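Chemist: Starting off with a structure, shown below.
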């Protein structure tokens, strides 16, 4: 990473880790600041004796003064030590070289096909050196150490050591409001623990000025040395790319071009109960039961209630139709389902109203999902354009479509046990059969699209797809993904934040016939007391082969 303080480097690093981990790569951030704070707990960092000590674990702003030569030497050493740790981690376990990172599908229809390049099937490890690295001298120092380490590995007769490819990623921010927000977050860091806010703000402001005095952005120097780099301006508003080669680097750039920092909510739910859920059959294109239709209607009222609250609130009004009409994104293959017409609406924001942002609803093409989404579009035609997308379809069960577990075991002995042994890689046999890995690959455009959009969206999908999407937003490891509990009758409001994703859970109260917010503490206590709460019972009713 490259960039001045409070420009979103760590935020971008964590976003990349989440995305690349979700794709199956072993990815890790190595933060130089954390190493510096660890050193600061055991040694005194060089600083001017006239500078008041900040009460946190870090150093004062003079530690980052470019004229403070002793501190500069220590900062360079910390960066190199962190790089050495990073290289050691990359070399661990003899992982693959990652020349192209696009993997090879070896599925033969019998349930053992891997289609993504993971660290366990030959894919590369990916490490991020998270620091300012804001001068040419620092970047040259890092590349020299990297090349020396690689040469030493070759000399030590390690022919199987993976080849390490590198790129620089610079985050540039020109928006003063974003910088101020980042500074406020920085004041909560361990560097300023137990430090008065005014003292911390003054110190960090001076730290930024010190960095600005020596700052040398990526550009001609890197071009001359043929060092690949990406310069990200205002989190994707402008992207400069130079010298990048290979599949993985291009995927990283494509992802970075689509992320944004706008506040928004991604609503996610499964379809209502279907006839196949009741019969215990997997796959197929079943219709909703009466109970499932009741859930769909309750879901429509849930969103309508939100709008009614806007319409009944007091305050000044301002109609501001700033949201462009919904249109197919170039990153998302949409089915030709025309959106419902839209008109400007009003929403209350800080005592005033502006246009209520249109919240599109996306469903799979399967009847049970479409039937769940239609009541919302019918109730709020001006607000909810509905689109059907095949990439949201449930995992295809191949030869097992519309069968029960007992029928599968009778006709295909041992298949249920084989799937249980490795649900992630198991591919259903027969025409069209998929594995979790296949669905992950299928959902890549959808994940990028949910990162790209700047407004709320409601997604109605299925069990496996919902698990995979939630695993991305929550940073759930691959091995836990197939066990995520996403029962029928629950709605998840996922809100991206700088530090991760906030999730608010809602549940259909069948007795009251309305969607209510889940009291997480009470729900957890109920599970502990009963061993199996309402969500688990719903999961069992709607689960596939488990």
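Every residue gets a Cβ built from N, Cα and C, even glycine.
Just so you know, TrEMBL annotations never went through curation; they're auto-generated.
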Chemist: With the ranges 12-39, 40-67 to choose from, which does TrEMBL describe as region 'Disordered'?
Modeler: 40-67
Chemist: What range among 271-312, 313-354, 355-396 does TrEMBL record as region 'Disordered'?
Modeler: 313-354
Chemist: Per DSSP, what is the residue tally for the compositional bias 'Polar residues' (58-67) in helix, strand and coil?
Modeler: 4 helix, 0 strand, 6 coil
Chemist: For the domain '6-phosphofructo-2-kinase' (121-261), provide the mean pLDDT of the predicted model.
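Modeler: So the average pLDDT across the domain '6-phosphofructo-2-kinase' (121-261) works out to 91.
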